[in-house]
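Participant: The structure under discussion is supplied below as structure tokens; questions concerning it will follow.
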Amino acid sequence: MSNRTLRAFFANRLAMAGMVILLLLVLGAIFAPILVPYNPTSTDFSALQQPPSSKHWFGTDQLGRDIFSRVIYGARVSLAAGLISVLLALLLGGLIGLVAGFYGGWIDDVLMRLTDAMLAFPFLVLAIALAAVLGPSLQNTMLAIGVVTTPVFARLIRGQVLAERPREYVQAAVALGSSDGRIITRHLLPNILGPLIVQVSLSTATAVLAEATLSFLGLGVQPPTPSWGSMLNDARGYLSQAPHMALFPGLAIFLAVLAFNLIGDGLRDALDPRMKK
Amino acid sequence: MFLFVLRRLMGGLPTLLLVTVLVFTLTRVLPGDPARLLLGEEATPELVAQIREELGLNRPILVQYADWLWGLVRGDLGHSIRGNEPVAPIIWQKLPTTLELSLFSLLVAIVIGIPAGVLAALRRNTAIDAGVTVMALSGVSIPNFFLGILLIYVFSIRLAWIPPSGYVEPWVDLQKNLLLMLMPAITLGTALAGAIARFTRNSMLEVLSQDYVRTARAKGLEGRVVVYKHALRNAAIPVVTVIGLQLGGLLGGAVVTEQVFSIPGFGRLLVDSVFNRDFPVLQAVVLISALAVFLINVLTDLLYAAIDPRIRYH
């Protein structure tokens, strides 16, 4: 990315707000053991469903667990799920898109038909079905979300490769006798990085939301591991007595998803030459 | 027009065929034997073998697929393992509820999203524009189950205006039906409203800078006429595309919304089939949702012609 792009990105206040939220979440996730006042899974039956107080900042849940500690630990699950599933989709989709776009012909036809078929399903319906078949766990949730996100990257990268391939610098590399691998990694990849980074950011927002949704439905991370989605599911039963049980994990999901959306948007605007004032 | 629809439907056949392969693979080839999934981990091998025999799982996989596909062609979606009844009637019974929810959500999304997007474009780079942008992004980012829970807390628990959950068929009690649909429709429509607002804003900005808009203004047309008659109509095409593309997402969101508000629809059926390990139902629900997305795409194509007279289908 050029300096001008970076400057445009850093001048975007909304994108910077997203960066700050993301930084706080990442720090929270990394330093969770130091930051939290209580063990996120230890119960305290003398302090059930307490409202927020100086002792328990976000209150306690139906088993007397400290919600602040659980929300901080939940950031680990959420960020890991979001980032790893998108990384998986990027690798798988990248491979499919590069091969389809670079070699064309029947390989392209077969691969694109397959991605079309996958894109025919509503994202969440397919993710739920996959997670259900694989069985509920954090790994399987990531796998399900990653696979369902794959066609998005395959399509994007294929399109970019098709657009870049006929250009002179690629033709020059071909004429100089560079190998396919070298052309792909040295010439094509750096030139399609921009749209790719935007998509990674936006897809991570979707993936974080999908993980929370699967956990909310009981198909994701299993108890007692704290996950924002399952915390919200627990909270549903106690909404009239203890609304704080829903409020904090809900806000956490909202902020995490918002952060990735803000960053993705800011990057897209910074990379789009038409957006220059 | 008729020929176009026919050609469009035929053109989608290869993809739909692949969709059936994927759905079939999902439940038959992936780890996890349906018989074992049905019976649980502790089942005896004899029992598993017996169920496999009953479900026809020990026949060659291609035969099973062909059998299933032939059933689909005849409208037979298989047999529910739990309920011991055909799946197709269950689906037809649940589908209208989800359709109603989706249509109301779409209405909410359009009524909020399009005016907000137009307003933001007309007041570009003002506080109003920034406000709409932040609201729209928030709408896209808020998990619908969280929004649903917030609405239930405020309107059902605190204010006690609306019952927190349940469903009444519109032909039984229309007023009650609409009241109960209100919160779910807002819950499901908010994300789409955000997406529509953003696309309407960008599309309007592009159109407003065009020559014909300047000409319309120059010849002294009233501002409102220019905006609604000239600009919005042209800006609508990309917006319709986005709405069409997002309707599939609405179907996914309906799964969660129906769960939060205990609405006995198509989405609830999906979640129930997962927890009941009822794979024929799961298979059918996933397949029908893909088919729905496909039909929505065809409808979206047809809508273009209604908006833009330059587009004609032959």
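Cβ coordinates come from backbone N, Cα and C, glycine included.
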Participant: Pick from B:9-31, B:239-261: which range has transmembrane segment per TrEMBL?
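Facilitator: Comparing B:9-31, B:239-261 with TrEMBL, transmembrane segment matches B:239-261.
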Participant: Cβ pairs under 8 Å with the transmembrane segment (B:134-157): which stretch of B:101-122, B:177-197, B:239-261 has the most?
Facilitator: B:177-197
Participant: Out of B:101-122, B:177-197, B:281-307, what stretch is closest in contact terms to the transmembrane segment (B:239-261), meaning most Cβ pairs under 8 angstroms?
Facilitator: B:177-197
Participant: For the transmembrane segment (B:177-197), could you work out the same-chain residues 6 or more beyond its ends whose Cβ comes under 8 Å from its Cβ atoms?
Facilitator: 100-102, 104-110, 112-114, 116-117, 120, 132, 135-140, 142, 144, 147-148, 151-152, 155-156, 162-163, 166-170, 239, 242-243, 246, 249-250, 253-254, 257-258, 260-261, 263
